[in-house]
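A short write-up of the structure that comes next.
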C-alpha cells in the first residue's frame with residue numbers, strides 16, 4: 001500500500017474526502033485529517049493503523065500528547081519508530097560513548113588523531129540530531145517544554161556539536177567535562193527503556209533519601225565539631241587538626257575505611273575516648289544507614305506498586321482509544337473479528353491467522369461474537385500467549401521412527417530413583433574433585449590436568465551427557481530447553497568438556513578449571529531456600545540489567561570528570577611527609593609492598609573505571625582521596641565524597657529492589673500452589689469450524705484457519721504465557737487492580753465495570769464485563785487529540 005494509505009483522516013463530522021458518507025460503515029474515524037478522496041476500505045486501513053499506533057504507545061508507555069496529529073507528522077513518526085532507525089540511534093549513541101577510548105587522554109591501543117575522532121563524533125551527533133528533528137516535527141516545538149527529556153537531549157546535543165566543531169578547528173582537545181553527558185543519548189534510545197525506568201525510580205526515591213542524608217550529615221558535622229575540640233590538641237593525631245580535617249575524618253569513618261586508625265592516637269591518651277567513636281559508628285552506621293535503607297525500601301515498594309498501576313491504566317487508555325477507531329455504526333459497542341484482524345495486520349504482522357483468531361476468542365468471554373470495550377481492554381494480556389493445539393502436547397516422538405527410543409528414555413526419566421541417581425553422580429563428581437585437589441602434583445600444569453582433564457573427569461562428563469540426552473529424548477529439545485535448570489546443566493557440562501579438551505591441548509590454560517565445579521550448583525536445588533534465591537534472581541534479571549547499566553553510566557560520568565580534573569597528575573612519590581607517603585613510594589628498582597597505589601589514577605577511561613570501582617568498595621578509598629588532595633588541592637575531596645554519596649544512593653536502591661523482589665516472590669509462593677500457577681500461565685480455548693464461521697471468519701483468515709479447524713470437530717488450543725514478574729503481579733494485585741479500574745471508570749465518567757472471574761479458574765486475570773446498560777450508552781464522537 002502506498003504512503004497515502006497511511007494518512008489517517010478525521011471524520012468526526014461523518015464525511016470523507018469527497019463529501020459522501022452515506023455508504024460508509026465507520027463508527028469513528030482517525031483524527032488525522034486530509035482532503036483526499038478514499039474508499040471505505042482505505043479509511044478502515046487508516047483506522048487500523050492509528051489504532052496500532054495507540055497500542056504501541058500503550059505498550060511502550062509513551063505519552064499520548066506525542067501522538068501524531070496531522071498527515072505531515074505521520075511520516076516522521078513512522079521513520080523514528082522504525083526498528084532499523086532504533087538500531088541506528090543505538091549505534092550512534094554507543095559510538096559516542098566509545099569515543100572516550102580514543103580521545104585524549106586515550107587508551108594507548110585505541111588512540112586516534114583529533115580529526116578522526118572529531119569527525120566520527122560529528123557524524124554520530126548528526127544521526128542523533130536527525131532523530132531529534134523528526135521527533136520535533138510531530139510533537140511540535142511548542143510542546144518541547146512538556147517533554148523534559150527531549151529538551152535536555154536537545155540542549156546537550158547543541159553544546160556537543162559546538163564543542164566538536166571547536167575541537168576540529170583547533171585540532172586539539174580542550175577541557176571538555178561535558179563529554180560526561182554523552183550517556184544521555186544512550187539512555188534515551190528505545191532499547192534502554194528499562195534503564196530509564198530505573199533512573200526514574202531513583203529520582204522518585206530521592207526525596208526520602210535526601211531527607212535521611214540531611215539527618216546523616218547533621219550528625220557527621222556535629223561529631224566533627226566535637227571531635228575537633230576534643231582531639232585537636234593531640235599533636236600525634238593529625239585527623240582533627242582543623243575543622244575541615246575533622247569533617248573529612250568523620251566522613252571517612254562513616255564508611256569505616258579508616259577505623260580504628262582514626263581512633264588509636266586518642267585511644268592511647270585515654271581509653272574513655274573510645275566512647276566517642278563507638279557512639280558515632282552506632283549512630284550513623286548501624287542506626288541511620290539502616291534506617292535509610294528501610295525508608296528507601298518502603299518508598300521503592302510503593303513506587304513499584306504505583307508503576308504497576310500507572311502502566312495498567314495507561315495501556316487501558318490506549319486500548320480505549322484504539323477501540324473507538326475499530327467499532328462500526330452497525331456495531332457501535334463491539335469490535336468484530338474482521339476489524340480485530342485488520343488491527344493485528346499493523347500491530348503484530350508476524351502473528352498467524354490462527355493466533356489472531358484464538359486471541360479474539362480468548363478475549364470474547366461473553367461469546368457474543370464481538371469484543372466489548374471492557375473485553376478489548378484486556379488485549380495486552382493475550383499478546384503474551386503462545387498457542388499450540390492440544391494434540392501437540394502428545395510426546396514429540398509419537399508416530400516417528402524414534403518412538404521406541406523416546407518411550408525408553410521417558411520410562412527412564414519416570415523411574416522413581418532417577419533423580420536420586422543423578423544427584424548421587426553429582427555428589428560423586430564433587431568427591432572426586434576434592435580428592436584431586438588433595439592429591440599432590442608436580443606443578444600447576446599437572447595439578448590442573450588432574451583436576452579437570454583426568455579419567456574421572458571424562459567419566460562423569462560422559463554420564464552427564466547421557467543424562468541430558470535422555471531428558472531431551474523424553475521431552476523433546478524445545479521442552480528440555482524451557483527449563484532453566486536443564487539449560488544450566490547442559491551449559492556447564494559442555495563448558496567442562498571444552499575445558500578438559502583445552503587443558504589437554506594447552507596445559508597452561510588454567511582458567512578453564514572453573515568449569516567442572518559448576519555442576520555442583522545443581523545440589524542447591526534440593527533446598528527450598530536456595531530455590532527461592534535462584535527464582536528471585538530470575539525475576540530480578542531485567543532489573544539487575546538496568547541497574548548494571550545505570551552503574552556503568554554513573555562510572556562513565558565520573559570517569560570523564562576524573563580524567564579532565566586529574567589525568568595530568570603523577571602520583572609516584574607524590575605525598576612526601578604525609579600520612580599516605582608509604583602508599584606512593586616508587587623507584588625504578590621496584591615499589592614497596594604498599595607502593596603500588598600510584599596505579600590508581602585517571603590516565604584513561606579504563607584505568608579510571610578500575611579506580612572508581614576501588615572507590616566503590618570504599619576500602620582505603622581515603623588514601624586515594626588524600627593523595628589527590630595533596631597534589632591538586634583540598635577541594636578535590638569534593639569529587640570523591642560526591643562519588644561516594646552517588647554510589648551509596650544507587651546501591652541502596654539496588655538493595656531495596658532485591659529485598660522487594662524477594663519479598664514478592666516469598667508472598668507469591670506462599671499464596672500460590674503449583675496447580676494455581678499452571679492455571680495462571682495457561683489458557684484454554686475450545687472452538688470449531690462452525691463457530692468460526694458464525695463469528696465472521698472469511699477471506700484469507702478463513703483459508704489460514706481451515707487446516708487447523710476440521711469441520712464438525714471441536715479443537716482445544718493451549719495458550720502459554722511466560723512467567724514474568726508482570727504476569728505474577730496480576731495474581732498478587734487482584735484486589736488492587738479491580739479497585740484501580742473502578743476508580744478509572746469513575747474518573748472518566750464511564751459506566752462502572754463489574755469484575756468477574758471464571759468459575760473454572762479462580763486465579764485467572766480479572767475479566768472486566770460491562771453491564772447491560774452499556775448497550776444504551778451513546779457512542780462518543782471521534783477522539784480529538
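Counting starts with 1 at the first residue shown.
Backbone N, Cα and C define each Cβ position, glycine as well.
Per TrEMBL, compositional bias 'Polar residues' is recorded for 1-14.
The domain 'Ion transport' feature in TrEMBL is assigned to 112-306 (among others).
Summarising the annotation, TrEMBL assigns domain 'Ion transport' to 415-662 (among others).
Feature annotation from TrEMBL assigns region 'Disordered' to 1-32 (among others).
The region 'Disordered' annotation in TrEMBL covers 742-785 (among others).
Below 8 angstroms of C-beta separation, residues 103-104, 114-115, 118-119, 121-122, 125, 128-129, 132, 179, 181-182, 184-185 of the same chain, each at least six residues beyond the ends of the transmembrane segment (155-173), sit close to that stretch. Residues annotated as transmembrane segment in TrEMBL: 155-173 (among others).
The list of residues near the transmembrane segment (212-231) in space but at least 6 beyond its ends in sequence, with Cβ under 8 angstroms from a Cβ of it, reads 237, 239-240, 242-243, 246-247, 249-251, 254, 265-266, 273, 276, 280, 283-284, 288-289, 291-292, 295, 645. Marked as transmembrane segment by TrEMBL: 212-231 (among others).
TrEMBL lists 243-260 (among others) with the feature transmembrane segment.
Positions annotated as transmembrane segment by TrEMBL: 272-297 (among others). Residues 205, 208-209, 211-213, 215-216, 219-220, 223, 226-227, 230-231, 250, 253-254, 256, 259-260, 262-263, 266, 652-653, 655-656, 659-660 of the same chain lie 6 or more positions beyond the ends of the transmembrane segment (272-297) yet place their CB under 8 Å from a CB of it.
Away from its own ends, the transmembrane segment (458-481) comes close to residues 395-397, 402, 405-406, 409-410, 412-413, 422, 425, 428-429, 432, 487, 489-490, 493, 496-497, 500, 519 of its chain (Cβ-Cβ under 8 Å, at least six residues beyond either end). Annotation source TrEMBL lists transmembrane segment at 458-481 (among others).
Sequence annotations record features per position, and here TrEMBL assigns transmembrane segment to 493-515 (among others).
If you look up TrEMBL, you'll see 536-558 (among others) marked as transmembrane segment.
Taken from TrEMBL, the feature transmembrane segment covers 638-662 (among others). Counting residues 6+ beyond its ends, the transmembrane segment (638-662) has Cβ neighbours under 8 Å at 201-202, 205-206, 209, 213, 251, 255, 292-293, 296-297, 299-301, 304, 532-533, 536, 539-540, 543-544, 547, 550-551, 554, 558, 561-562, 565, 612, 615-616, 618, 621, 624-625, 628, 725 in the same chain.
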Averaged pLDDT, computed only over the residues in the domain 'Ion transport' (112-306):
86
